[in-house]
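Quick look at what TrEMBL annotates:
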{"type": "TRANSMEM", "residues": "176-196", "note": "transmembrane segment"}
{"type": "TRANSMEM", "residues": "202-221", "note": "transmembrane segment"}
{"type": "TRANSMEM", "residues": "253-269", "note": "transmembrane segment"}
{"type": "TRANSMEM", "residues": "281-307", "note": "transmembrane segment"}
{"type": "TRANSMEM", "residues": "410-431", "note": "transmembrane segment"}
{"type": "TRANSMEM", "residues": "437-455", "note": "transmembrane segment"}
{"type": "TRANSMEM", "residues": "467-499", "note": "transmembrane segment"}
{"type": "DOMAIN", "residues": "523-646", "note": "domain 'STAS'"}
Amino acid sequence: MGVNSNRVNDFSSHGTTTEAVMPQTTEIHRVCLPPHKTTLQKLKQKLGDIFFPDDPLHRFKNQTSFVQKLLLGLQFFLPIFQWGPEYSLRFFKSDIISGITIASLAIPQGISYAKLANLPPIVGLYSSFVPPLVYSILGSSRHLAVGPVSIASLVMGSMLSEAVKPNEEPILYLKLAFTATFFAGLFQASLGILRLGFIIDFLSKATLVGFTAGAAIIVSLQQLKGLLGIVHFTSKMEFVPVIAAVLNHRNEWSWQTILMGFSFLAFLLTTRHISMKKPKFFWVSAAAPLTSVIISTIIIFCLRSKVHKISVIGYLPKGLNPPSVNMLYFSGHHLALAIKTGLVSGILALTEGIAVGRTFAALKNYQVDGNKEMISIGLMNIAGSCSSCYVATGSFSRSAVNFNSGAQTAISNIIMAATVLVTLLFLMPLFHYTPNVILAAIILTAVIGLIDYEAAYKLWKVDKLDFLACLSSFLGVLFVSVPLGLAIAVGVSVFKILLHVTRPNTLLMGNIPGTQIYQSLNRYTEALKIPSFLILAIESPIYFANSTYLQERILRWIREEEDWIKTNNENSLKCVILDITAVTAIDTTGIDLVCELRKMLEKRSIQLVLANPVASVMEKLHQSKTLESFGSKGIYLTVGEAITDISASWKAEP
């Protein structure tokens, strides 16, 4: 079907002689009802289509052996049993290289993203240790590198710091962060278990493009505190307060910090550019963050008596993740805040993790189960909340490095976790003199890639409503707040859905001469009108939400057609044919619309005919006894058969 045409007289260029050459058919096919099914059978099929479109239990069919079923069950719930038996030394060599490579990126990023969430740097490293271990057992992606990410860190930091200041109440803030992580994991796992993953589909690509770009700019502006050496800074995450804080504290700017920060920022951006231009040198950008940390730490250690104005991380305790079960906050004044933060950060983390996993799975021609991913990501965050971790998911930058370095299985996550463990046990004192400005430079380099201006331009070219959703999300995050910006974007996306549902497309159709094909007059210039017939197509289910609009729009088509007939002295309108091929569903309000429309046209001596109803629509028309009122010449299999049969009956009339 083509695009909607607003006026009948747009097609006067087709000629006032509206006769089309049509082949005459002698056989008229009967429109059949679908096979009878009980209400229980229909409900079972509908629920199956909604919640189990992939038929996850298909592998258990025709299996009689209990041992085989047990093995299939283990493979279904624990993907490690799928690839584990086929694991080889060759795979292990590749996974070791990949694991160590992504660990070199995960360690500085973990420390940096923890500071972005206003958490102690050590928590970022913990989040790169426990969650990857859990995911390597439960996850279905071979290339997803798990750990903290910038967007989830920003959301958690901005939402929690609005109510609790991390500097004033650090213990309470830490409790809320762990609790938010617990609820994020609980929400994620629940979506997977209940197979409700379609909920995250409301975060459309257009919404995420705008949101991530806005968040990237906010994150970048926040890093000006570290890059410029500012001591006092705003905790707000909006564009105006951040810029105001930068300008109001010019007296705190440190030239030493600025020199070091921008030097390493230039180094990191250069290595990133090299890796983007020549993918085989992926290791250059992967090793750059850790290299920057090592070099800058050595510089500060050697010049510690001369560079007092460059702030450093300070003391970091050694050891494994301490349990944090006793710090989970399940009652009190801030519980609602923790739940809300967990839901928002959990949705964003889930969306990013599944999108990244599917991206690299497509490149290697294997499938990632979305519901299993929700369960695995959710369970790893629940486990993380009990072991001093905050929200983790699949990172695009680390996963890209993991993919390019030749990772074969999720063992690369275990190698990464082991490398982080060694760091936690033995190397933490070495980070004492790591300057905070380097962490700011690492974050800036990572988030710059989130600004996808090419995708935004494509949205503008292809779909203006999608671009509006993108722009609303971007401006909302930039000038209002991160969670409200996300809410605005989702609101625009939902509005777009409602617009399509409540204002469906209708088309004026004509015959392509010499064929039985009927297509849009606006789309096909060779299509011609049929004398005394008005052929309309509806491209949407007919629901209570759009029935009034459809009635008004159809009556307007009829009125415009009659005006066109009077102007061109054509044959009077005798029949309106509704091609409902694209009407995939109809409710009781829609049935009432059809009945009322038929009665209104009957009073004006115009026949209403339905063409090509789908099975579900035909069944409801039959059950409501609407078919009886249409008679034998009210419903046809195709538009062509309807015109042929009705035209023949007119000729037979005296």
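Quick reminder: no glycine exception, Cβ is built from N, Cα and C everywhere.
Tertiary proximity for the transmembrane segment (253-269) is limited to same-chain residues at least six positions away from its ends with a CB under 8 Å from its CB atoms, namely 226-230, 285, 288-289, 292, 295-296, 299, 307, 309-311, 435, 437-438, 440-442, 444-445, 448. Highlighted: of the candidate stretches 202-221, 281-307, 410-431, 467-499, 202-221 has the greatest count of Cβ pairs under 8 Å to the transmembrane segment (437-455). In the domain 'STAS' (523-646), helix, strand and coil residues by DSSP number 60 helix, 21 strand, 43 coil. Listed by sequence, the residues of this chain that lie at least six past the ends of the transmembrane segment (410-431) yet keep a Cβ under 8 A from its Cβ atoms are 79-80, 87, 91-92, 95-96, 98-100, 102-103, 106-107, 110-111, 121-122, 125-126, 128-130, 132-133, 135-137, 139, 141-146, 293, 297, 313, 315-321, 402. When Cβ-Cβ distances below 8 Å are used as the criterion, the transmembrane segment (202-221) is approached by residues 116, 150-151, 154-155, 237-239, 242-243, 246, 347-348, 351, 443-444, 447-448, 450-453, 455-456, 459, 463, 466-467, 469-478, 482, 485-486, 489-490, 492-494 of the same chain, each at least six residues removed from its ends. Taking Cβ pairs closer than 8 Å, the transmembrane segment (176-196) reaches residues 51-52, 117, 119, 123, 156, 160, 164, 324, 327-330, 334-335, 337-339, 341-343, 345-347, 349-350, 370-386, 388-391 in its own chain, all 6 or more past its ends. Looking at the domain 'STAS' (523-646) alone, the prediction's average pLDDT is 91.
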